[in-house]
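For reference, the structure is listed below as structure tokens.
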Amino acid sequence: MPTCYRHPDKETWVRCQRCERPICPDCMRDAAVGFQCPECVAEGNKGLRQARSTFGGAIVRTPIVTYTILVINVVVFGVQYVAGNAITSELAMWPAGVALLDQYHRLLTAAFVHGGVFHILFNCWALYVIGPYLERAFGHTRFTALYLISALGGSALGLWVDPLNQPTVGASGAIFGLFGAVFVVGRKLSMDVRGIAVLIVINLVITFVFPNISWTGHIGGLITGSLLAGALAYAPKNNRTLWQMLAIGGALIVLAALILVRVSAILALA
């Protein structure tokens with residue numbers, strides 16, 4: 001009696017429908033007709049295109065990036081509550097610290113620090129509502145880039161416009177970038193974008209009407225997120241991943257150049 005090609009100790013009369021090698025019950029894989037061996041199944045799957053998200057990323061079942069950012073925000077806020085101003089002062093966006101002390105980490109870490117309970121509640125609520133939608137549309141990697149680069153864009157504008165000794169905190173730049181991305185994605189997919197447009201306008205009014213709100217972070221994030229989302233959503237389908245990675249790299253290069261030019265100007269005046 002023939003024995004399984006993978007398990008010689010097991011006798012079998014069943015053969016793979018493709019290669020005709022004997023296969024035991026442990027090696028049988030259901031096929032359209034009969035059974036196939038594991039190697040033939042794997043070989044057949046190589047020719048299948050993997051399902052992709054709307055704009056080319058891998059399919060997202062659980063928006064883990066969104067949830068991870070939410071957890072980081074809450075943990076950092078808890079550390080702020082325990083450690084007081086020490087951690088806030090170390091992580092906040094502070095133009096003088098960036099330019100004069102080479103503390104470039106502030107450009108991104110400020111997006112994970114918040115100034116109060118209402119501040120973190122609004123930003124986390126907004127991220128919880130729109131983050132999963134965008135993460136599923138773009139995929140984990142592109143969404144991560146969109147979020148962080150939007151935050152960086154807000155900090156870059158703050159570096160250019162805010163007083164050197166004015167610290168700012170909050171994920172609002174990144175959140176405004178996501179607002180802009182939702183608008184861009186909606187337009188691309190021919191959806192009704194009036195709701196998100198009204199939300200953006202309301203938040204811009206709040207930004208300029210109420211005191212102690214970083215308008216530079218909001219505007220910088222909104223512009224950066226909208227432009228990057230446009231580049232990702234409207235990238236040509238041929239070699240789309242390449243075009244999208246070039247867009248992300250280009251955004252980083254432009255922001256880095258803007259930051260370095262501003263730092264050089266500040267140092268020249270110091």
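Glycine is no exception: its Cβ is also placed from the backbone N, Cα and C atoms.
Going by TrEMBL, these are the annotated features:
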type     : residues : note
DOMAIN   : 102-232  : domain 'Peptidase S54 rhomboid'
TRANSMEM : 64-87    : transmembrane segment
TRANSMEM : 107-131  : transmembrane segment
TRANSMEM : 143-161  : transmembrane segment
TRANSMEM : 167-186  : transmembrane segment
TRANSMEM : 193-210  : transmembrane segment
TRANSMEM : 216-234  : transmembrane segment
TRANSMEM : 246-269  : transmembrane segment
Inset, instruction - Count, for each of 107-131, 143-161, 193-210, 216-234, the Cβ pairs lying under 8 Å from the transmembrane segment (246-269), and report the range with the highest count. - result: 143-161
Inset, instruction - Work out, from DSSP, the number of helix, strand and coil residues along the domain 'Peptidase S54 rhomboid' (102-232). - result: 102 helix, 1 strand, 28 coil
